[in-house]
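Please read the structure below before turning to the comments.
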Amino acid sequence: MRVVQVANFYGPRSGGLRTAVDRLGAEYCASGHEVFLIVPGARTERHLLRTGVVRITLPAKHIPYTGGYRAVMPGAVRTVLETLRPDALEVSDRLTLRSLGRWGREHGVTTVMISHERLDRFAGQLLPRRAAQKFADFANARTAANYDTVVCTTGFAREEFDRIGATNTVTVPLGVDLKTFHPRRRCARVRQHWATPTQILLVHCGRLSVEKHADRSIDALAALCDAGVDARLVIAGEGPLRARLERKATGLPIDFTGFISDRHAVAGLLASADVALAPGPHETFGLAALESLACGTPAVVSRTSALTEIITADSGACADNRPEAIAHAVRTIVSRPERHRRRCARRRAEIFTWQRAAASMLATLGAMAVSTRCGDTQDTA
């Protein structure tokens, strides 16, 4: 099967979306399928990736106030699709590229839209709640009508489609790289670099943008300090809010690393921490938190996000969107025996593999056969 993936908001620092698209494409290739990926960039380029995916970059303009993201328009993508003649089309953009579903239908191509975010929650950051929901319902109804299937990564992500009565949704949880993100990445030197032996080391890993709410991690650290807890926070990531967050963190034991391109270095930081913080209230999956679990580090997550479907009572904690609640959850986690909490975190992450996610996606895309590797085999090395 020839699969074409299309993704806007895909770049060197685009985090979870890029990870998901790349890993799914790699697994499709490993299952014997031909995969092309169309993304925006500064110029036209074509590269054969080590995974076997052919990545085609189309020139696109920067989107203001997004920290460097670009978006390619549907017309340019349709021109490439005409030459590629795919069997299946997988789109990861519900706004600028939604019209590609109609192109697929007109050309007899199986079409899938992956819902990487809650559109009603996203719009709710700019519009009153009722207006945001009305906008999301209209856009989501068009998406559901234009695509054969809408893939949601969690029940939380699916809620806004359930609300409009869409009947062509499926739920496919994403995965985690269990080799890269592993408890063996824990490193005494890394921990010593960031914290003293007696400190509680917290880490917030993610893009420094409004929806991630890194400010809540800062406030939670302040609440811990006010309560007499010796804790330190490392914020790993880059984004448009960095300067504002650094000002907010003044005087607190908080370090900013900026963007870390080396995934092994990210894994080393996560594995060396005591607790990871993922306070974003709108997360539809939360790959960074899952990567933390894979490293054996429990996570505190927002009670209003999809991460409540990922985190279990023994692999972390769900907290209300208040600094005091997050701080209390941290103290509860670190009160448990370290060996037990780390083992439970890792065990929970092992359920989520890219092989399993890709098997479900290929079934949705209409593959007639799925390789054994993309089936029940779990990579728990």
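The backbone N, Cα and C atoms fix where each Cβ goes, glycine too.
What Swiss-Prot annotates here:
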- G16, R207, E211, K212, E283, T284, F285, G286, L287, E291: substrate binding site (BINDING)
- E283: site 'Important for catalytic activity' (SITE)
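Overlay of Swiss-Prot feature records on the structure.
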| residue | record | CB count, 10 Å |
| --- | --- | --- |
| G16 | substrate binding site | 21 |
| E211 | substrate binding site | 15 |
| E283 | substrate binding site | 31 |
| F285 | substrate binding site | 24 |
| L287 | substrate binding site | 25 |
Kindly assign G16 (substrate binding site) to one of the three DSSP-derived states: helix, strand or coil.
helix
Taking the residues G16, R207, E211, K212, E283, T284, F285, G286, L287, E291 listed for substrate, what is the greatest CA to CA distance in Å, to the nearest whole number?
19
